[in-house]
Amino acid sequence: MDLSASRSDGGDPLRPASPRLRSPVSDGGDPLRPASPRLRSPVSDGGDPLRPASPRLRSPLGASRPVVGLTAYLEQVRTGVWDIPAGYLPADYFEGITMAGGVAVLLPPQPVDPESVGCVLDSLHALVITGGYDLDPAAYGQEPHPATDHPRPGRDAWEFALLRGALQRGMPVLGICRGTQVLNVALGGTLHQHLPDILGHSGHRAGNGVFTRLPVHTASGTRLAELIGESADVPCYHHQAIDQVGEGLVVSAVDVDGVIEALELPGDTFVLAVQWHPEKSLDDLRLFKALVDAASGYAGRQSQAEPR
């Protein structure tokens, strides 16, 4: 069966979402001292909390290295004598960012409101929507498959809100595995909930934490093709995949089964999502380096826009 679903191009990627999906700067002083009160809320003037704040609010860590936010898990975790809810992310993700020249900041799920989302995005120069458990199928109008993970509505809502805010700002975005699915669903797409039912094999997820390496082929003329060439062997661990493609997105890679392995938004803004796990191949930093370079450009544009 050909899974490379018809792409939608010409839709508005920033259109209002379905209601069910809504859900200090360094001045040379001590970077750990309390910020000036005027920096505490980018929406204190009653403006749009999702628009970029004044550039002087954008990077508490300085402008030399771009700040990249990575979404994270919020799960019950055992460590030492503790068995508690905790936010976490495998170290490979933020090592990819730091090795590529960025500063990584983790963004565990929290209650969503426009002010909190705006405050977070004001501190970032790029966003990574990371891998994790399956999206709630209700987000794309389906009932759950027996193999679909128990929903994490808090993480879903948090990532949808961050992603939509980042897209509105023109902020660079990289999606990884689940992050590809978040991007697709946020723009109106749907998912195959369990690939083995369609393909007749489990080659995309071997199980027990073992990553499968699969060849993918890129689409000529896409950003991804410019970055990695015509093909690559990539580490995969997913049992779900893109079905109908979200509005404005183009398919930039497929595998030998026709499964969509990458999506991107055309245009000047870096918005790229891969179904595989580049953090598991840190000897190849091309995707992370491209994101960090785009984040540096975003930071520079914000700095140039600052009133003199």
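Residue 1 is the first one shown; counting continues down the chain.
Note: Cβ is positioned from N, Cα and C throughout, glycine not excepted.
Listed in Swiss-Prot:
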type	residues	note
REGION	1-62	region 'Disordered'
COMPBIAS	13-24	compositional bias 'Low complexity'
COMPBIAS	31-42	compositional bias 'Low complexity'
COMPBIAS	49-61	compositional bias 'Low complexity'
DOMAIN	78-301	domain 'Glutamine amidotransferase type-1'
ACT_SITE	CYS177	active site, nucleophile
ACT_SITE	HIS277	active site
ACT_SITE	GLU279	active site
* Structure fact -> Restricted to the domain 'Glutamine amidotransferase type-1' (78-301), the mean pLDDT of the model is 97
* Structure fact -> For the residue listed as 'active site, nucleophile', the same-chain residues 6+ apart in sequence with C-beta under 8 angstroms from its C-beta are THR130, GLY131, GLY132, TYR237, HIS238, VAL274, GLN275, TRP276, HIS277
* To do: Tell me the Cβ neighbour count for HIS277 (active site), meaning other Cβ atoms within 10 Å of its Cβ, over all protein chains shown.
  => 20
